[in-house]
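Visitor: Let me begin by handing over the structure; questions about it come next.
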Amino acid sequence: MPPPSDIVKVAIEWPGANAQLLEIDQKRPLASIIKEVCDGWSLPNPEYYTLRYADGPQLYITEQTRSDIKNGTILQLAISPSRAARQLMERTQSSNMETRLDAMKELAKLSADVTFATEFINMDGIIVLTRLVESGTKLLSHYSEMLAFTLTAFLELMDHGIVSWDMVSITFIKQIAGYVSQPMVDVSILQRSLAILESMVLNSQSLYQKIAEEITVGQLISHLQVSNQEIQTYAIALINALFLKAPEDKRQDMANAFAQKHLRSIILNHVIRGNRPIKTEMAHQLYVLQVLTFNLLEERMMTKMDPNDQAQRDIIFELRRIAFDAESDPSNAPGSGTEKRKAMYTKDYKMLGFTNHINPAMDFTQTPPGMLALDNMLYLAKVHQDTYIRIVLENSSREDKHECPFGRSAIELTKMLCEILQVGELPNEGRNDYHPMFFTHDRAFEELFGICIQLLNKTWKEMRATAEDFNKVMQVVREQITRALPSKPNSLDQFKSKLRSLSYSEILRLRQSERMSQDDFQSPPIVELREKIQPEILELIKQQRLNRLCEGSSFRKIGNRRRQERFWYCRLALNHKVLHYGDLDDNPQGEVTFESLQEKTPVADIKAIVTGKDCPHMKEKSALKQNKEVLELAFSILYDPDETLNFIAPNKYEYCIWIDGLSALLGKDMSSELTKSDLDTLLSMEMKLRLLDLENIQIPEAPPPIPKEPSSYDFVYHYG
C-alpha cells in the first residue's frame with residue numbers, strides 16, 4: 001500500500017554523522033521535525049538549526065516552501081538562517097583576509113535564498129557590504145576576488161526587492177562607476193558593476209540622475225569593443241536603461257553623443273557582424289535600442305505644422321526650388337506680379353503632389369505623421385537630390401490621371417512606416433526582432449523612406465494607377481514592405497533588392513496563390529469533407545502528443561542568471577494514468593527509465609494546468625527580472641490536495657507538446673499554436689490526397705439534382 005500523500009521519505013545529512021532516513025509528516029510543524037532530527041544526533045538547542053536541500057543552490061526549507069520536498073530528496077541539517085547571517089556578518093569583517101574571502105564566497109551563494117537574504121538584510125547586511133565596497137582597499141590580498149563576491153552578494157540581495165535601491169549612497173555609486181570606467185578591470189567585477197548600475201537606473205529615477213553624471217558614453221562604448229559578448233550585452237543594457245529613463249528633453253542629446261562616439265558603427269562591426277552568433281539576451285537589447293532610437297522621431301511625428309511659421313514654410317519653398325530650379329522662380333521674372341507668382345506657386349505645388357495646392361502647409365497639420373513627413377521629404381531632396389527631382393518631374397510630365405502625387409504619397413508613406421515600426425511605443429519585454437540594416441546608417445529611417453518612396457512610385461507605374469487608386473497602391477506598398485522586413489536584410493541595399501523582387505505582379509501572384517488555396521477549401525463539398533476528416537486528424541495529433549509524453553522530457557529548474565542550471569525529468573506512464581518524475585544531475589541525452597524516477601502523481605488528481613504569469617514559480621519574481629523567454633515556456637500542474645508541479649520547457653515546441661498532451665489527458669481541447677499548425681498541415685495533405693482523382697474537374701457547389709422517378713419499374717428484375 002503506498003504511503004499517504006502527506007508523508008515524504010527523505011535522507012538528512014549532518015557532517016561527521018551517519019545520514020538519518022526519515023518519514024516527514026507534512027502536517028507536523030517544521031520545528032517539531034527539526035527537534036526530532038537533532039535528538040537523533042544528540043544535538044542541543046534545536047532552535048539553532050533548520051533544514052535545507054543538500055543539492056543545487058541548497059535553499060532553506062520554510063513552512064511556506066516545505067511542500068516542494070519530494071520523496072527521495074536529500075536534505076541537510078544546517079544552522080538557522082538568522083545564525084548563519086550573524087556568523088557571516090562577523091566573518092565578512094574579520095581582520096584575517098582568508099576568513100573574509102571564504103565568508104564572501106559563502107555569502108554570495110546564500111544571498112540567492114530569500115529566507116537568508118531577509119535575515120541578513122535585517123542585520124543591516126547591505127549597509128556593511130556597501131561600506132566594504134566604498135572603502136576600496138586595493139592593498140588587501142585577494143582584493144579582486146573578494147570584490148567580485150561582494151558585488152555578487154549585493155546584487156543577489158537587492159534582486160529580492162526587500163529594500164529600496166534609493167538607500168544606496170553617492171560614494172557607492174562613484175565606486176561602482178569607477179570599476180566601469182577603469183581600464184583592464186577584472187571581467188567578473190565589470191560584469192557585476194554594469195548589472196548593478198542597470199538595476200539602479202531602472203529602479204530609481206533619483207539614482208538615474210547620479211549615474212548619468214558619473215558614466216560617460218565613451219566609457220560604455222569602449223566595453224562594446226571587447227570579445228566577451230556577456231560584457232557587451234550588459235553594456236548595451238545599461239545604455240538602454242539610461243536612454244529609457246532619460247527625460248524627454250535629454251534623449252536627443254544622448255543620441256547626439258552616441259552618434260559622435262560612433263555607437264551605431266561600433267555595434268554593427270563588433271556585435272552584429274562579430275564572429276559569434278547573437279544570443280537571445282543580446283538580440284533583445286539590440287531590439288530595445290532600435291525601438292528607443294526610432295522613438296526619438298515621436299516628437300516630430302506628433303508636431304503639427306504651423307502655417308504661419310515662416311521658417312517651416314521656407315522648407316516647402318526649398319522643396320519647390322530644388323524640384324523646379326531657381327531659374328523658374330517667378331520672383332526673378334521681370335514685372336512679375338503677386339497674382340502671377342501665386343498662380344505659378346499653385347501650379348508647382350500641384351505638380352509636387354500636395355493636396356492643398358494653395359497652402360500646402362495645411363497638408364502637414366495631421367498627426368501622425370506631422371512634421372516628420374516634411375523632414376523626410378527635405379532629406380530626400382537634399383541628400384538624394386537626383387532621385388527626388390526624377391520622381392517629381394517624372395510624375396509632373398505624365399497625364400493628369402496617371403500622375404503619382406509625391407507630396408500626398410510622402411505623407412502617407414511616413415505615417416505607414418511609423419505604424420509598421422511602431423514609433424512611439426515602448427519596447428516589448430518578450431521581443432528580440434531587431435533589424436541589422438537599421439544599424440548600417442545614422443539616418444536609417446530617412447534612408448528607409450527614400451527606398452520606399454521609390455518603391456511606391458514604381459508600384460504606382462506597374463499598377464497604372466490613377467488618383468482613385470491611391471489607397472489600393474498604399475495597401476500594396478504596405479504588403480511589399482511587411483513581406484520584405486521578416487527576411488531581416490543585413491543592409492539597406494539588400495532590403496532594396498528584396499523589395500525589387502516583390503513587384504506588383506509578384507504580389508498579385510502571391511495573393512492569387514493564397515486566395516486559390518483558400519478558395520479551394522471554402523466550397524461547401526470541400527468544407528463538408530474537411531469537417532468529416534478533422535476529428536480523425538485531431539485524434540492522430542492527440543495520440544502523437546500522448547506518445548511524446550510517454551517518452552518524457554527533461555526540464556530545467558528555475559534559477560537566477562548567475563546560478564548553474566539544474567534539471568529534472570518527467571514522463572507519462574504507458575497506461576496514461578500516472579506522471580513519473582525526478583531530479584537529474586545532468587541534462588540526459590536519451591530516455592530516462594521509469595525506475596529511476598522516484599516521484600509520481602496520478603493523472604486523476606490533476607485539477608488544472610496554468611501557464612505563464614499564473615504559474616506559482618513565475619509569481620516569485622516580477623517578469624522584468626525573469627529571463628525574457630521564461631514566461632512563455634512556463635506551465636504548472638495543479639493537483640490535489642494543494643500541490644503544484646512546475647515546468648520550464650526547453651523550447652516552444654516542447655512547451656506546446658506538453659500543454660497539448662496534458663490538455664488531452666484532462667479531456668480538454670488542444671489549443672496550442674503547434675496543434676493549429678499540425679492540423680492545417682495534416683488536413684491539407686489528407687484533403688489533397690483524397691482529391692487527387694478530381695484534378696482539373698470542377699467540383700459543383702451543390703450536389704447534382706435527384707432525377708424524377710421512372711414511369712414504370714418494368715426494368716426491375718427479381719431474382720427468384
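Just so it is clear, glycine is given a Cβ too, placed from its N, Cα and C backbone atoms.
Since the structure is predicted, the reported quantities are computational estimates derived from the model, not experimental observations.
So Swiss-Prot lists these for the protein:
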DOMAIN    310-484  domain 'ELMO'
DOMAIN    553-674  domain 'PH'
MOD_RES   TYR48  phosphotyrosine
MOD_RES   SER503  phosphoserine
MOD_RES   TYR717  phosphotyrosine
MOTIF     700-707  motif 'SH3-binding'
Visitor: Taking the Cβ of TYR717 (phosphotyrosine) as the centre, how many other Cβ atoms fall within a 10 Å radius?
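Guide: Here the count is 6.
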Visitor: Taking the Cβ of TYR48 (phosphotyrosine) as centre, how many other Cβ atoms lie within 10 Å?
Guide: 13
Visitor: Would you mind pulling the DSSP three-state label for TYR48 (phosphotyrosine)?
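Guide: Its secondary structure by DSSP: helix.
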Visitor: Using DSSP, what is the helix/strand/coil residue split across the domain 'PH' (553-674)?
Guide: 35 helix, 39 strand, 48 coil
Visitor: Taking 10 A as the limit, how many CB atoms besides its own sit near the CB of the residue listed as 'phosphoserine'?
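Guide: Result for the residue listed as 'phosphoserine': 16 neighbouring Cβ atoms inside 10 Å.
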Visitor: In this predicted model, what is the average pLDDT of the domain 'PH' (553-674)?
Guide: 81
Visitor: To the nearest whole angstrom, what is the C-alpha distance linking TYR717 (phosphotyrosine) and the residue listed as 'phosphoserine'?
Guide: 67
Visitor: Please report how many Å separate the Cα atom of TYR48 (phosphotyrosine) from that of the residue listed as 'phosphoserine', as a whole number.
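Guide: Rounded to the nearest whole number, the Cα-Cα distance is 77 Å.
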